[in-house]
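This report concerns only the one structure given below.
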Amino acid sequence: MPIHDWPEQERPREKLMARGPTALSDAELLALFLGSGFGGRDAVQTARDLLQAHGPLRVLLDRPARELARLPGLGPARSCTLAAGLELAHRYLAAELEHGEAVGNNPAAVGRYLQHRLRGQAREIFMALFLDNRHRLIACEELFHGTINAAPVYPREVVRRALLHNAAAVILSHNHPSGDPEPSSADTRITDELQQALAMVDVRLLDHFVVGEGRPVSFAERGLLSPPQPRLFG
């Protein structure tokens, strides 16, 4: 049955207007981006087909636009619409960190942003947020990329980037493609090495977030960061 023949309260657009976007299923939300169906199936059925064959939702939407365009029912126009929607969501979350407020005072916003950037990635990515002396965001960079199990991390490069940005503080993050956000012993070891290396140039490590499924794990919240050491000189 075409969507326009459905009861009005069950049509995705009307349901969203009446009850809000959280009332819609993944397939119904995706159908609103598609606009119409494919191969004799309506937009919701097409969305369900895509999710069943290529999902779940994050796996489907993590694909590059050129790869999405090759999937049945999408094509260049719809894949670009989906990619644009994701980029808007990314910029919306980034805006929480980019309006001159102290990032270090808003760990929830940092966690949401990093979760959006890193969760569901097929390989490990190591990122750094560089902050000024009032803990406002200067830059956010992906520094290292690895395999499904690990990304090589070089403290010297992190320090170099911090100095380049004249950063006073840094927040680190990486993802676990396995989905388990619990820090490993290697995570703890490299965090300690990075904290010591940054301290040598008077840059403070505020936190290290590990992103997987669910809520990111914060080293600072867990008490896993070493206390700042007093400077010997100066």
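Numbering starts at 1 and runs along the chain as it is shown here.
The backbone N, Cα and C atoms fix where each Cβ goes, and this holds for glycine too.
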### Summary
In Swiss-Prot, Zn(2+) binding by HIS174, HIS176 extends, among ASP187, ASP192, to ASP187
### Message
Name the residue among the binding-site residues HIS174, HIS176 whose Cβ has the smallest number of other Cβ atoms within 10 Å.
### Response
HIS176
### Message
According to DSSP, collapsed to three classes, what secondary structure does HIS174 (Zn(2+) binding site) have?
### Response
strand
### Distant-in-sequence Cβ neighbours of ASP187 (Zn(2+) binding site), under 8 Å, six or more positions away
HIS174, HIS208, VAL210
### Query
On the 0 to 100 scale, where does the mean pLDDT of the motif 'JAMM motif' (174-187) fall?
91
